[in-house]
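According to TrEMBL, the features are:
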DOMAIN    B:71-120  domain 'NADH-Ubiquinone oxidoreductase (complex I) chain 5 N-terminal'
DOMAIN    B:137-427  domain 'NADH:quinone oxidoreductase/Mrp antiporter transmembrane'
TRANSMEM  B:6-26  transmembrane segment
TRANSMEM  B:38-61  transmembrane segment
TRANSMEM  B:81-105  transmembrane segment
TRANSMEM  B:142-162  transmembrane segment
TRANSMEM  B:183-202  transmembrane segment
TRANSMEM  B:259-278  transmembrane segment
TRANSMEM  B:284-306  transmembrane segment
TRANSMEM  B:339-359  transmembrane segment
TRANSMEM  B:391-413  transmembrane segment
TRANSMEM  B:433-459  transmembrane segment
TRANSMEM  B:520-541  transmembrane segment
TRANSMEM  B:651-668  transmembrane segment
Amino acid sequence: MITLTHFLVVSACIFCIGLYTVIAKRNAIMILVGIELMINAAILNLVAFGKYDKLNYSGQIFALFAIVLAAASVAVGLAIILNVYRHYKTINPDNITDLRD
Amino acid sequence: MNSLLTISPIGASILVVLLPLLAFIIQAVLGKKSTSGIWSLAAISISTLLSGIFVFAQVWNGTALQVDYSWFTIGEKTFNVGILLNNLTVLMQFIVCIIALPVHIYSKAYMKGDAGIHRYWMYLSLFCFAMLGLTISKNLLLMYIFWELVGFASYLLIGFWYTKESAVQANKKAFLMNRIGDLGFLIGIAILFNTFGTLDIVDILGKDGLLYQGIVDQNSGLMTAAGICFFLGAMAKSAQFPLHLWLPDAMEGPTSVSSLIHAATMVAAGVFLLSSIFPLFNGTVLLIIAIIGTITAVTAAIFALAQYDIKKVLAFSTISQLGYMMVAVGIGAWDAGMFHLATHAFFKCLLFLSAGALIHEMAHLKAHNNGDFDPQDLRNMGGLRQYMPKTFVLMTVASLALAGFPLTSGFLSKDAIVISAFEWAMQKGGVHLLIPILLVLVSILTAFYIGRLIFKAFFGKLRVSNLEAPALHEAPKTMLLPMAFLAVCSLFFVFSFNPFSYANSGILNGLAVQYSFTEIHALHTIIPITLTLTALLSWWLGYNWYVKGTYPLQANSSWMRFAQNQFGMNEWMEKTFVAPTLLLGKASYWFDKYLVDGLVNGASYVIRKISEIITWIDKHIVDGIVNAVAQLAYELGNAFRFVQNGRLQNYLGFTLTAVLIGIIYLILR
Amino acid sequence: MNLELFLFYAFAALAIGSSLLVVSLKNPARALFLFFITLFAMAGLFLFALADFVAITQIMVYVGGVLILMIFAFMLSNKELLADIQHISGSFLSLPSWQSILLALGFFAVFILGIREWNNDMPEWMLSNIQEGMVITPHDNNIQQLGIKFMTQYVLPFEVISIFLLMALIGAAHLSRKEESQ
Amino acid sequence: MGLLSLLIFLPLVATALILLLPNRMQSNYKYIALGFTVIQFALAGWLYVQFDNSASGINQISGFQYLEQLPWIRLDLGSLGQLEIDYFLGVDGVSMPLLVLSAFVMLMAIGASWNITKSTKGYFSLLMLLNMAVMGIFCALDFFLFYIFYEVMLLPLYFLIGIWGGANREYAAIKFFIYTLFGSVFMLLIIVGLYFSVVNPDTGAHTFNMLHMMNPNNYVDGSFFAYLNNYYEVLGIPARMLGFIVLFVAFAIKVPIVPLHTWLPDAHVEAPTPVSIILAGILLKIGGYGIIRVCYSIFPDAAVDANWWLGLIGVISILYGALNALAQKDLKRLIAYSSVSHMGFVLLGVASLTAEGISGALFQMLSHGFLSAALFFLVGVIYDRVHDRYIYNFRGLASHMPAYTGFVAVAFFASLGLPGFSAFIGEAFVIIGTFNAESVGTGIPRWMAIAGSIGILLSAAYLLWTLQRMFFGQTRFKGGEAWASALTDINTRERIILFPTLALALVLGIMPSLVFDKMNATVLNLVSLVSQYL
């Protein structure tokens, strides 16, 4: 029997890996990848919980919304990354420190 | 205006004074364009005429006239400009005019060709203005003004050749010594103003003057002080011992100036002043005047014996004669003093003019031969009688008058003084007799030194060697004529028709002074005879010594040199007054610079140092605390600064860390 | 242990393992391809949660769209890629930075803690739905139900999200176009 | 707008005009300044002629003329009452001649500034500002207004010395400034003290009106400066005496008196010629004026007590200044010290408290005003030409520059007190008045008069000595031929400036009534005001 806890644990693992990617990776695309991982973990949770809501299908529907949003964010994010790259000739966020004090 | 048109004595006298002023102004405006002196000459001529005809003749032995114009008001006191015409003032004014005129004429020839001749005429007119004004002033303040102006004109004329160092030293000395007297005069004025509230001579000293109204005790210390102060003024102007030092030096001026200012008129102003305010003096002051006069007469006569400079001899002679006049004032016979003043003015002026003629010729001789000798030195002269016979005659007349030889004016006036002095001394008795005896001695000395001058200058041979004597010739007519005029005036008949008795002289009768002593008839015969005989004796001696060449004394003996140096008084003065004053000046400047100013600068230094200390405290302690706080904040900030490194991921990491910590906190709570 | 559970563990292990590899690989190109596997595994996991349509969408959108986009973007941008491939520097795996690991592990611990707590106290609505049998079963026609829900109950979010998607795409296109002025 | 306001603020218009005109019209500034000062002088002269001789001034408002009184600052201070500051102007016999003198000296100063080239804009505008302040000081009858003008005057002077001065100008400027400020700061304290002690009898408010301060009835009983029931003491000095001393020191610094005079030689020597002229001609007079207008009129009781010391200070100033002058080798410094000496007569005359003495003192101020201005101008003449004024570097100038020497001689003789010139009248009457003082009982002994007269002798000594050293003898200059060609005789501009000055000295010396008539009533009133406390 696959319980909810199984999903949650897996999703926690994926989320933490995504978190790590976002913080640690020195490549903007990889950061995007990390974000996608975290979104996927979230979607997994949505879907897992959605199993117990047959009346509204809310889990699956919001999972779909999230997928769409993720896609949009990736599109925009990539566009930004391309611009950044054009501008700084690098996609290593460590080298882009305009926010620095 | 009216008074001027009708030529009242007052108007005329004002005109007499103002004409030279006008000449002075015209000359000043024209400057170098006018060298002829015509303006000055015209002014003094008209002045003399006016003074003689419209003033002297009108007022002499007539009623005294006076007029006042309001000048200015200070507080409640009004000061007037007044003119007083009485016998004394018109006489003085007339004397000044009558002396000034020949001198002007003489100067025309004497000063011819001098580069500064325009200044000469200007100064001379200024002097005449001041001197004439002085004579008729009714107000002491006004008199003081003219008194100082006279000194100023004298200053200018002494320093006429201002490139000559000795001349400018002399005029400075003259002015400063006169200033001492002037201060006495000023203090005297202050005392009178303080006592009487007015400075009007008539108001104070007139018949019913304030002096007699018991405002102040005549013998009080204040009045004595006033008398001494005025006498101090007169001392300086009339070159009385010890303030006489300026007069011999003043001979640096042109000789014509010396004759007018430093022999005849200005120096006599002191006597005139004392005569004008005579009632002011009490017994003490008069005695002081007499004593000082005697000392002056004696010392100056001694100094005159040893001088070689012809003008210096005459200068000391002037001082000595002024001493006589002072004695006359001091014994109360100021009319005799004025009489002597009048006669002395003529013959001394003549002596100077003659000396001027000699110097003129000697200077010509020097210039002609490119010689190197002092044209004024008696030792260089001699035998001039052959070349300048007329000058010789004129000068001899003047010398006789100076020596008091009968038939001359000097005989009359000198006798008047000496006899009066004897009478006064007899009255007082005792030590007072010393004064007339000394006067007799001076009279003998006078005869001797003037004889010495004549013998040295005119007899024997010209002592300047290797020169062609014929370059010498008689003085020009323009010079001789005024001299002749003065010579005539040096004879007895101008003053009295009786050549042997001064009692009938017009001046004495006109001034009519009430003597305090009784007349002793015997003296009136004894003294003139004694004086004449001793004078003759001294001339005989002098002739033997100087002409025959049997000079018995060491010419360079220390006594002679001592007398020539005026007993070293100049040096003594220099050492006692001038040097210490200058030293005091230097000391006070040192004090000012290093102590007073040093104190100020020191204070500023101290304040600067204190402020530096405070600045240090402020910078390192007060501000230090503030800075330490700021530093701490900075260091803290710097410590956490790496947070703000611009790396998105780090931001995110920190945010998440914070969230994580928050969550853990919530869990553990 | 039945097959279902086994498959679940397999998929889970695949997802976690591949994502770990994605993270630790130095070469981004390889990482991206590994990410592909992760997404497939995730889609598989969705199936176990009875969300077949979501799983399909996941594969279509992510694998067919997003990932291709990423690879293209990567190819377009990263000139260092070739250099990285040519000079394989250091280890095969990139070195993780310890702070990030700490943070990730921290979060993981918190999650696990949360899950454990959560098991003891399930929410009301889940318990009531379980009791009432309102639970999706493998026999339900999910796709039909989803379509009905989208067109009825969730029509407004649906329209909003479609417009949003349009905006995002236009925005992305605008951002990524070459600026003509330069 | 009253005539006095016009007189005061005319220069301000000139300042504005000068500041507004662009720099390329630089050469016109001096004409503007000259034009306005001429108008001002004419106005002052007209006021002088129109001045009613019988005005007694000092402490009666009816004795002042050309009065202007406008409420200026009225501030309700709650429990402290109303702050009452008036714009109150008026002149009496003391200030009227000084106004004319100021305008005249200003005219001279502008004439002397003709060759100034260094930033003329600033120079002339500062000069005009100074002009305004000086005029204001002589006209102000409100103590607050007086103080404002007094302080405003410092500023332009500081810059004029500090920027356009000689080698050591910064030192001199700061010294001058601090000296004066030192005095005036304490003056402010006394002004405030007076303010709280005096009430305006009409409004009942405290007032800065100087005329009210002169009336004992206006003092609040028991206030700090009250006449009656006043037991206040500071360091054992009674309050009113303290007030007198502080005010006296403030003005005495300006006069200057002897221990406080050291700013003067430095400031005079370093200042450019026109500023020296103004310093000597006007600034020193402000001190004397202040002593009469403020110290003696407001604190007559204290003045009477302190009289002996004032006389002594006067005598010391006379002798000390003269002795210092005797030791000087710098011509300008010599004249600066002679100023100290001559201004000592002013103090002595005022201290004598006799009509003659005070009149003499005022006359001496006027006379010294234009004579010292002329002397500084004359120094400026040779300094302009060879930039040297060391006495021993010149010899026999008389042959080289006869006209110049003529002017110098006249100026020297005029200032050493030759009768016929104004200084004589001033000094003689100071001496006479001081001598009289003992009879009147004002506490000035006679020996002070005699000691003062020695100052006259010394002044003759140093001036004649200078004349002898610099002007007479054979011509010889330190700078040789270069100097000989540089030392051209005095030019027309300089003649135009000097001639009226010396002529004025002569005219006033011959007709002192021109001045005495105007001031007589005022002086008598002052004497009667003060002598009731004798």
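One-based numbering along the chain as shown.
Backbone N, Cα and C atoms are what each Cβ position is placed from, and that goes for glycine too.
Note that this is a predicted model, so its numbers are computed, not measured.
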Three-state composition of the domain 'NADH-Ubiquinone oxidoreductase (complex I) chain 5 N-terminal' (B:71-120), taking helix and strand from DSSP: 28 helix, 13 strand, 9 coil
Chain residues outside the transmembrane segment (B:339-359) and at least six past its termini with a C-beta under 8 angstroms from it: 91, 95, 99, 102-103, 106, 110, 255-256, 258-260, 263-265, 268, 271-272, 310-311, 314, 317-318, 321, 324-325, 328, 375-376, 381, 384, 388, 391, 394-395, 397-399, 401-402, 408-410, 412-414, 416-417, 450, 457, 475, 479-480, 482-483, 486-487, 489-490, 494-495, 502, 505, 507-508, 511
Stretch with greatest number of CB pairs under 8 Å, the transmembrane segment (B:520-541) reference, B:38-61, B:183-202, B:284-306, B:391-413, B:651-668 candidates: B:391-413
Top Cβ-contact partner of the transmembrane segment (B:81-105) among B:6-26, B:38-61, B:142-162, B:259-278, B:284-306 (pairs under 8 Å): B:38-61
Other parts of the chain folded back onto the transmembrane segment (B:6-26), taken as Cβ under 8 Å at six or more residues beyond its ends: 34, 39-40, 42-44, 46-47, 50-51, 54-55, 58-59, 65, 67, 83, 85, 90, 93, 97, 121-122, 125-126, 128-129, 132-133, 136
Region pair the transmembrane segment (B:259-278) / the transmembrane segment (B:142-162), three or more CB pairs under 8 Å: yes
Model confidence over the domain 'NADH-Ubiquinone oxidoreductase (complex I) chain 5 N-terminal' (B:71-120) (mean pLDDT, whole number): 83
Contact set, same chain, for the transmembrane segment (B:284-306): CB under 8 Å, 6 or more residues outside the stretch: 219, 224, 227-228, 231, 235, 239-241, 244, 248, 274, 312-313, 316-317, 319-332, 434-435, 438-439, 441-442, 445-446, 448-449, 452, 560-564, 566-567
